[in-house]
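*Asks:* My questions will all concern the structure given below.
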């Protein structure tokens, strides 16, 4: 295909332009801030046009096309080291770009309605555009350094947006927490980048992936591990996942866009991009898989105990990201990307649906305040909800569709992607390295799939089925049902679009064995064909029968889980059922409810000792020795500065004297 | 012969220069300057620069010095003596530095006296008005035009500094 | 000889000179000062367009070899005109408050700019001298604009006296060079040059004259007094355009007159002066409590960094110097602009650092911009100042002058202290008393915003990567 420079410039440039226009005009003119329609339209176009551009590129591309490069300019160049602002258009980056701009467009659209009454409207859209810009840099970069810039950029935007309502202390704390946990990962990633540069002197993906033999096995292991740690930070995996649930403090569209659909998947993108390197080290692959499976089940068990609608979704996101890591670790890179795509659809839909619910619950609270009733309740607590399907039919239907998708019921999107992952994990059990481990991981994944369907339906039933419970729980809220209403059209449009994608999204990755069984050529998995030049997948070696059996088993697990959930939560029994689980699982339930006490663990094991150490030892060392040394130097410098100052007498003839001195100096150097 | 005239004029130039700087009476000082200018004009003549010598006398020794003297006499600057401040060390160090600079320059000039170009027949006519005008409007046109700007700027600048207070400030707003 | 072609090669200078005459004539006929102001801006802007155009043309000599066009000279002209343009646009309100907003001042600025343009393209010591004088005489007058203030009159007089003194050396140097080589044209001198005492002495004195104009230590003593006693926006003009023009002339002299290192040990002179300038400039700046004086010493220090590029003596060094001049013009014009803004509100003594306490929050956009400019001056990435410093120091390393580069980096690190100190006052000190600041005017504010944006933009994407600057310079060796 011809050079994509123009289109790539548009894709990258427009979000930046949107950010600059809204940012600068909003900053400098208060009149502009109130023109919300204009701001909204500009911000939306700044993402939607790139989407169309990406679509154009996509349509001109096929699975055999070689990567096309758009070299915009050289940022800096010194000796052998040069940093190019250059982008790589290939099958993988196109998929990611389409997801980022496509889902991004829908969420931008949704935000117009959601943020309509916020006075930081302009700022919100400026940040969102900036985020899209950074994210596109991340997925389109043709070298690790530019990717790292995008990587840091999305981290920054995530920080800004989590703390968007920064006047609330807990929200700005959440922002800080997210930033710090990300930094830990980023540091490891940076070391990996240094190691790569040290070995082959280039950060270009093409160069790295074609000169892998230059790395020793040891190098591969450590670089892989460091990249993995970087990815666990950004993609919220054990041990660095605790920031993501807190990150729900940001506005809901942000949770949907950044903390579900796009940014958190950048770790998966990165590992897929580097997949030829990862498959060279089975040890790292296994660590990736273990971390993924462990995260999946830990987060899923926590999700069962949560009451906050966004909290459940947050842990569910962590859990699904765990699935993706399991896929990576099982050599199913395509499946991981597949799950990234489908997850972007249904999780964005779920988050936006929850936003719609929160929106209406807040509306109820405001209305009650307007009526002069001084009532306070948590608009995100599902125990206050129930029966909402009567009042918000569109939200309910789309939420339900997305729930079915995530639960893994065929033929919705989540089923195909999750099934492929589980199957690959099982397949790895027959591999040469640590087979038994992968069987265990398969078991863990299956249990997690069961839990996923369970907690998601628990959430849906409690929120939308049964009766509206707020009036029964809190005095003064009688008759508040009348304030419940469906969200505006901009919001439901986005919901329905995403719900539609959640239904059909799975068809890009139909399992090949189905086709084989019915006499096809075994190539109906479009995504697999599309990515085969990039993702270094470890092929499935299972027989057709085994695959059918596994798939049937997965469907049964999901169906049973949904049935149990319906029995337990289908009709206003949330309180009793939760109590029943708590009594049945006793100590386990408490551990789940305390979120495995990870926050406390980090606080006790790392934060406190560090603070103490720096307070008691480092501070003294710093004050007495470092500062003393620095002060001594600074003092000397300042004194000599003051002394030199005396030369500056202000008398012109003295100045002339120095001039002559200079003449003598110059002539002396020259002549002798 | 040339050499002797040159030495005479050079001594006169330096002597009158020193006389101008060291003399405490401003009028005497100014008169020393006139002598200085005239002897420099003599050196020009020696170098076949007739036009330059003439202009030197006309403009500097004539017009400018007359203006100088007028100003000095009008302002009655005889009590300028107080300008010489008490700092003696400065003069001493200035003297030594001057000696060092001079000796450096002399040292550098010492070995090169014979490198000075011989006066050729072409150079004999170089100082005439025609020759000067010829190169001024061709080869040195740029410098000539730039000098025009320099002079304009100098005149305007002198006026700006000298004018007491702009009267039309309000009007210009 | 085609005079039309000659005129065309100095078109920016001619336009600026005509604009200068127009500004003065308009004033004489009692037109509003705003008309002169518009003529000034227009003249410089048109000249800038022609200068930029000539940047892409070929290089050559004109006026019988008196000047060069294209190449380095064109780049110098662009930088000079940019400096002049920015300083004029930020000047109007400030000068109006000082009662100095009139056509004559703008006329002087334009004449001075003409001199600078001549300086930046000079290919002959006569051109160099006369252009330098045109520039300087106008600057003497501009330095004395605040003649009713004691500090203003004093600084102008000092500037004039010392300037005349240094010009004496310069002229004597030119005379000695002529004596040694019988030529004033730079390339002819280069052809005839022998490392005789006469020639070395002449060149040394020529250097002294140039050192004085760029405020290199120990020829810098006039700088702080003059910078402090001059209206701030005019100081910006001196610190940016005048310094750039002189440095470009310096580059021309070094590349065209002294291309071979066998004629004299120029590198050592430049190295010693560079080291002195960086150390003394930064050290004294550390001890300053007046922001304007601090900037004066910082400008001395920057002359030192620029001198590092000259001392490197390779194409990378000269390219670094040119880029640095561009960077320095942008960020320094900006910094002086903000200071002029603060000063406008509370009189001339409002440059003491104490009075900056808590100022950053008063008009946030100004505080932020000052921070950007100071960060850039301190050489912190990703500002344009960092790129400039990087180029000159890298060139020094390339030329094997590693100690020089190390001293430069250390000096530059020390400079962070006094730049950040201003910011500490801006943001971390309580204001002494309550006061409100005037709203900045439209042109003023947007000029500064443009400068701040450029400062950051060119820090991220260098305008002319050094390779193309190097082409400009090598096009010069062949002319």
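Any Cβ shown, glycine's included, is placed from N, Cα and C.
So TrEMBL lists these for the protein:
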type     : residues  : note
TRANSMEM : C:36-56   : transmembrane segment
TRANSMEM : C:68-91   : transmembrane segment
DOMAIN   : C:122-412 : domain 'NADH:quinone oxidoreductase/Mrp antiporter transmembrane'
TRANSMEM : C:126-145 : transmembrane segment
TRANSMEM : C:157-177 : transmembrane segment
TRANSMEM : C:197-222 : transmembrane segment
TRANSMEM : C:234-254 : transmembrane segment
TRANSMEM : C:266-287 : transmembrane segment
TRANSMEM : C:294-312 : transmembrane segment
TRANSMEM : C:318-342 : transmembrane segment
TRANSMEM : C:363-384 : transmembrane segment
TRANSMEM : C:390-420 : transmembrane segment
TRANSMEM : C:441-460 : transmembrane segment
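Could you place the listed features in the three-dimensional structure?
*Replies:* Tertiary proximity for the transmembrane segment (C:36-56) is limited to same-chain residues at least six positions away from its ends with a CB under 8 Å from its CB atoms, namely 9, 11-13, 15-16, 18-20, 22-24, 26-27, 69-70, 74-75, 77-78, 81-82, 84-85, 88-89, 92, 101-103, 106-107, 109-110, 113, 117, 472.
Within the chain carrying the transmembrane segment (C:68-91), a Cβ under 8 angstroms from the stretch's Cβ atoms is held by residues 9-10, 12-13, 16, 37, 40-41, 44-45, 47-48, 51-52, 54-55, 57-62, 106, 109-110, 113, 116-117, 120-123, 231, 233-234, 236-237, 240-241, 244-245, 248-249, 251-252, 255, 318, 322, 325-326, 329-330, 333-334, 336-337, 340, 443-444, 447-448, 451, 469, 472-473, 475-476, 479, all 6 or more beyond its ends.
Cβ atoms under 8 Å from those of the transmembrane segment (C:234-254) belong to residues 68, 72-73, 75-76, 79-81, 83-84, 86-88, 90-91, 109, 112-113, 115-117, 119-123, 128, 131-132, 135, 139, 142-143, 145, 186, 206, 210, 213-215, 226-227, 266, 292, 295-296, 299, 303, 306, 310, 313, 318, 321-322, 325, 328-329, 332-333, 336-337, 340, 473 of the same chain, restricted to positions at least 6 beyond its ends.
Residues of the same chain lying 6 or more positions beyond the ends of the transmembrane segment (C:318-342) and with a Cβ under 8 Å from any Cβ of it are 72, 75-76, 78-79, 82-83, 86-87, 90, 94, 232-233, 235-236, 239-241, 243-244, 247-248, 251, 254-255, 291-292, 295, 299, 302, 305-306, 309-310, 312, 350-351, 355-356, 359, 366, 369-370, 372-374, 376-377, 383-385, 387-389, 391-392, 394-395, 437, 440, 444, 447-448, 451-452, 454-455, 458, 462-464, 466, 469-470, 472-473.
Same-chain residues lying 6+ beyond the ends of the transmembrane segment (C:363-384) with a Cβ under 8 Å from its Cβ atoms: 298, 302, 326-327, 330-332, 334-335, 338-339, 341-342, 412, 415-416, 419-420, 422-423, 426-427, 437, 439-440, 445, 448-449, 451-452, 454-460.
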*Asks:* Ranking C:157-177, C:390-420, C:441-460 by Cβ pairs under 8 Å to the transmembrane segment (C:126-145), which is first?
*Replies:* C:157-177
*Asks:* Counting only pairs at least 6 apart in sequence, do the transmembrane segment (C:197-222) and the transmembrane segment (C:294-312) share 3+ Cβ pairs under 8 Å?
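*Replies:* By the criterion, they touch.
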*Asks:* Sort out the residues at least 6 away from either end of the transmembrane segment (C:294-312), same chain, that have Cβ-Cβ distances under 8 Å to it, and list them.
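*Replies:* 214-217, 220, 223-224, 226-228, 235, 239, 243, 247, 250-251, 254, 267, 270-271, 273-282, 284-285, 288, 318, 320-321, 324-325, 328, 332, 335-336, 339, 353, 377, 388-389, 391-393, 395-396, 398-399, 401, 404-405, 408, 411-412, 415, 418-419, 422.
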